[in-house]
Amino acid sequence: MKEQAKKVQRHPFHLVDPSPWPFVAALGGLSSTFGGVLYMHNYDGGGQLLCLGLITILYVMFTWWRDVIREASFEGQHTAAVQQGLRMGMILFIVSEVMFFFAFFWAFFTSSLSPVFNIGGVWPPAGIEAISPWGLPLLNTIILLSSGASVTWSHHAIVGGFKREALLSLFITIIFAVVFTGLQGFEYVNAPFAMSDSVYGSVFFMATGFHGFHVIIGTIFLSVCSFRLYFDHFSRQRHFGFEAAAWYWHFVDVVWLFLFLTIYWWGFNVIV
């Protein structure tokens, strides 16, 4: 009886079991970092070490989140207090991502509002043909905003208990995301400048490229949610995994709007 009394949990928090995944993830990150540096400096084995690190990170992503899903869906470990902590963690993560993209916007405005003499003293720099915002960028804006509407539709369908509509709208969101990524790649291939073409090319490809990377991550996030929704992991009251994906996707939408208005539209129409 005394042993049973000791096992009674007197708090609403989840004390996770010992896990190897943080250590393995650290090894993967270390390997990918060192491998990337060695690869970019043409050292032998750098590419292999980079691939090993990336594969390790992907494996840990699958296994660690598998454990989290099991704890939430089958063990019932995610109490209201735990869910509140997860929500706060996701909010702080998105805030950190805002700061990440803020650095690129800072670089863009610093370079464009006071262009230095070695780029011609004008913005866009001399010799750079800026991409018109009224072609693919505008189409991509419409596509991404539509995907934000469809993921909101899916969220409301989950809350309302309409599984079929939720799956349909989530599938539409994923299609929009894949089309956006394809069009962004097409724009890169046909861009009239390269990443090495002055600070304009560097800022353009770094900002839009990292946004594209976040779109790919968000697409994977939503795809996993679609499988979980199909297998009834979400209910009308408990579906934070989907909420986190939707928050992340709306963040991606907002970042793109700022990219469109600044780098594409303002950078194309305003000559400093």
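The backbone N, Cα and C atoms fix where each Cβ goes, and this holds for glycine too.
Where the annotation comes from TrEMBL, it is an automatic prediction and has not been curated.
Positions annotated as domain 'Heme-copper oxidase subunit III family profile' by TrEMBL: 9-268. When pLDDT values are averaged over the domain 'Heme-copper oxidase subunit III family profile' (9-268), the model yields 91.
What TrEMBL lists as transmembrane segment is 21-40 (among others).
Sequence annotations record features per position, and here TrEMBL assigns transmembrane segment to 46-65 (among others).
Listed by sequence, the residues of this chain that lie at least six past the ends of the transmembrane segment (86-109) yet keep a Cβ under 8 A from its Cβ atoms are 78, 199, 203, 206-207, 210-211, 214, 240, 243-244, 247-248, 251, 255, 258, 262-263, 267. The feature transmembrane segment is assigned by TrEMBL to 86-109 (among others).
For the transmembrane segment (134-154), same-chain residues at least 6 beyond its ends with a Cβ under 8 Å from one of its own Cβ atoms are 165-167, 169-170, 172-173, 176-177, 179-180, 183-184, 186-187, 222, 242, 245-246, 249-250, 252-253, 256-257, 260, 264. Residues annotated as transmembrane segment in TrEMBL: 134-154 (among others).
Positions annotated as transmembrane segment by TrEMBL: 166-183 (among others). Long-range Cβ contacts of the transmembrane segment (166-183) within its own chain (Cβ-Cβ under 8 Å, at least 6 residues beyond either end) map to 136, 139-140, 143-144, 146-147, 150-151, 153-155, 157-158, 212, 215-216, 218-219, 222-223, 225-226, 229-230, 249.
Outside the transmembrane segment (203-225), and at least 6 residues removed from its termini, the chain residues within Cβ reach (under 8 Å) are 65, 97, 100-101, 104-105, 107-108, 111, 151, 170, 173-174, 177-178, 180-181, 184-185, 188, 193-195, 234, 241-242, 244-245, 248-249, 252, 255-256, 259, 263. TrEMBL lists 203-225 (among others) with the feature transmembrane segment.
Look at TrEMBL and you will find 246-266 (among others) tagged as transmembrane segment. Under 8 Å from some Cβ of the transmembrane segment (246-266) lie the Cβ atoms of residues 90-91, 94, 97-98, 101, 105, 108-109, 131, 133, 137-138, 140-141, 144-145, 147-148, 151-152, 154-155, 173, 203-204, 207-208, 211, 214-215, 217-218, 221-222, all in the same chain and six or more residues away from its ends.
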Under 8 Å Cβ-Cβ from the transmembrane segment (46-65), and at least six residues away from its ends along the same chain, one finds 19, 21, 24-25, 27-40, 224
